[in-house]
Amino acid sequence: MTATTAPSAAATAAAAPAIRTQEDVILSVPVRRTLAVLRYATGFIFLWAFLDKTFGLNFSTASADAWIHGGKPSQGFLTFAATGPLQGFFNGIASPASDVLFMLGMLAIGLAVMLGIGTRVAAVSGTLVMAMMWLAEWPVGASGSGTNPFVDYHVIYAIALILFAYAYAGETWGLGKWWRNLPIVQKYQWLR
């Protein structure tokens with residue numbers, strides 16, 4: 001008769017995959033802090049877009065054109081800013097539903113990036129929004145809005161969002177450490 005024993009705690013720990021942290025990926029504290037500042041700045045760009053378009057804070061949106069006063073934040077862009085070969089497609093998706101989706105996206109991406117939670121989801125959704133906006137104005141510069149035919153701020157923002165996700169940027173000066181330890185996030189790592 002053979003006795004079976006429970007695996008030791010060390011063997012169980014060795015079998016479980018280790019959770020990677022920002023310290024595993026970026027060894028330099030100044031680089032982690034600089035990335036945190038960039039994360040806050042980028043998140044605020046998205047959050048500000050939501051706030052300005054919602055309340056008409058007179059930066060890119062006049063008070064009379066605010067969403068709360070009947071403004072159409074995405075419809076205006078999709079109807080008047082879209083140029084090039086995809087103009088018809090973007091004009092066709094302009095609707096009240098696109099306003100709601102765009103505004104919720106700006107708010108969610110901005111908050112997630114600034115708080116350092118859900119950076120993978122924010123990176124994917126933010127990159128999708130930036131790609132759509134880039135394509136809506138493609139070719140970039142044709143309407144006089146750009147100085148480079150390929151790389152504009154939409155591309156830079158998308159790259160920054162992807163960097164935040166891969167570098168676990170929410171763990172420095174954010175809620176990323178707390179977020180990664182939530183049971184649902186541990187179970188579904190894509191929420192990280």
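Cβ coordinates are placed from backbone N, Cα and C, and glycine is handled just like the others.
Note that this is a predicted model, so its numbers are computed, not measured.
Within its own chain, the transmembrane segment (31-51) is flanked in space by residues 22-23, 57, 59-60, 103, 106-107, 109-116, 126, 157, 160-161, 163-164, 167, 169-174, which lie at least six positions past its ends and keep a Cβ under 8 Å from the stretch. The feature transmembrane segment is assigned by TrEMBL to 31-51 (among others).
Tertiary neighbourhood of the transmembrane segment (100-133): same-chain residues 36, 39-40, 42-50, 53-54, 67, 73-74, 77, 90, 154-155, 157-158, 161-162, 164-165, 168-176, 179, 190-192, selected by CB-CB distance under 8 Å and a gap of 6+ residues from either end. TrEMBL lists 100-133 (among others) with the feature transmembrane segment.
Same-chain residues lying 6 or more positions outside the transmembrane segment (153-170) and placing a CB less than 8 Å from one of its CB atoms are 20-22, 25-26, 32, 35-36, 38-39, 42, 45, 109, 113, 115-117, 119-120, 122-123, 126-127, 130-131, 133-134, 176, 179-180, 192. The transmembrane segment annotation in TrEMBL covers 153-170 (among others).
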